[in-house]
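Undergrad: Just lifted these from TrEMBL, have a look:
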type	residues	note
TRANSMEM	B:82-101	transmembrane segment
TRANSMEM	B:107-126	transmembrane segment
TRANSMEM	B:133-150	transmembrane segment
TRANSMEM	B:162-179	transmembrane segment
TRANSMEM	B:191-210	transmembrane segment
TRANSMEM	B:222-242	transmembrane segment
TRANSMEM	B:249-266	transmembrane segment
TRANSMEM	B:272-295	transmembrane segment
Amino acid sequence: MNVTEPMFLALTALVDGPLHGYGIVQEVERISGGRVQLKIGSLYGVLDRLAAQGLIALDREEVRQGRLRRYYRLTDEGATVLREEAARLAANAEAANSRLRARPAGGLAIRIAGTPHLGGAG
Amino acid sequence: MSELLERRYRSVLRLLPEDYRRERESEMVAAFLEAAGDVSSADNPRPGWGEVGSVLALALRLRLGGQDSTPRAFARGEAVRLVALLGLGFQAALSVVTAAGGVAEPLFFLAAAEACCWVVAFLALVRGHLPTAKGAAVLALLPVTGTVAFHASDSAQPASQTASWLVLTVVPVIALLLAYHRDVLPVTRPWWQAVLPLTVAVFAASLALLPRDPTWSWSYPWTDPIGLGVLALVAGVAAGAIRRPAAPWRLALGMVAALLMAVRLLDMADMYGDLLVTGSVQVVLLAVLATGLTITGRRALPEPV
């Protein structure tokens, strides 16, 4: 299953409990440090895809100040998919970090036979 | 809360299909107004371009559905995807013939570059490599623009022909970009389905290079690119009459007929005598095909859920 970043963040937003549309927008923005600001059309595209795959479900409806709020919750299947996706991303991040830790400061100097050293003073 | 902003946002939501709007509109309006915060109608507020764009993208994905959407929306999406596939195949065959047929020097490199792009785009689409197909198709428009600019400065080439050719070139690319959105899973068709139709189309399109007999001037509109497109369409419909194609094929061929009719009408501005008679016959034939295929295609669509 291809989980895009907005789908991943929306699933993460629902881990702590059901949220309504604008609540998900706010939570996604908070989780991503302000980097991902879902527009309403995009949000409902994401919610449709997640609901179609059974990863979220309608929890309840409320009318507040004359306006309809629908709350969505994470399903067990959604939690499983999120856990697998988080593990995959963490493994990728760990691979990148371990290689970065092994990288010498200043980067690798490439020396081609018969040419002057490209690293400067060395 | 601004009533004006709400009214304007509701009018943007009219882009969405009616059944979806019935289900979602109240909820989307509530979420949008919460996100907008306290605004006054006195400030003449409008939904931002980003919001409008997101609704437009949603409307497109809902109307031209991918594999996970309703059967009806999927069938409509498949119809537009077929238009893109047929259009790219048509352009690929014609551009190969044009480039191989001895184009004059200033245009040869443009024609060769264009042919490469169209062929790559068509093969990539058939094989399910969507980013490559989109990139190559958009890239093909660059040499096309160069050729069009050249013809625009050439008084011997009627402007109507250049305009009709441009429409025929741009529409398949637009269909490709719109209908192959991110909800569409790529389908990998076998190689023979890419190579065989392209080879047949190249042979058919090379008819356009045969020397023309002035006493047969009435037949010229059958051997130009639009005329060859009409012949290919008639052959497709004749084959379909035997196999009874599903709704997407009927709708796609109906759209192709309407497109060819539009470009032939544009093109006829510079026709006269026998050519005009043949052009008119083609327009009537295309109008009948477009109407018939669209009506039967719509009837054959799956019922709304």
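Backbone N, Cα and C define each Cβ position, glycine as well.
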Undergrad: Which bits of the chain, at least 6 residues beyond where the transmembrane segment (B:133-150) starts or stops, bring a Cβ under 8 A of a Cβ in it?
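TA: Here the qualifying positions are 88, 91, 95, 106-107, 110-111, 113-114, 117-118, 120-122, 124-125, 162, 165-166, 169-170, 172-173, 176-177, 180.
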Undergrad: Using Cβ atoms only, state whether the transmembrane segment (B:162-179) and the transmembrane segment (B:272-295) have three or more pairs under 8 Å that are 6 or more apart in sequence.
TA: no
Undergrad: Where else in the chain does the transmembrane segment (B:249-266) make close Cβ contacts, counting only residues six or more beyond its ends and a cut-off under 8 Å?
TA: 75-76, 78-80, 82-83, 86-87, 160, 163-165, 167-168, 171, 221, 226, 229-230, 233, 236-237, 240, 279, 282-283, 286-287, 289-294, 296-298, 300-301
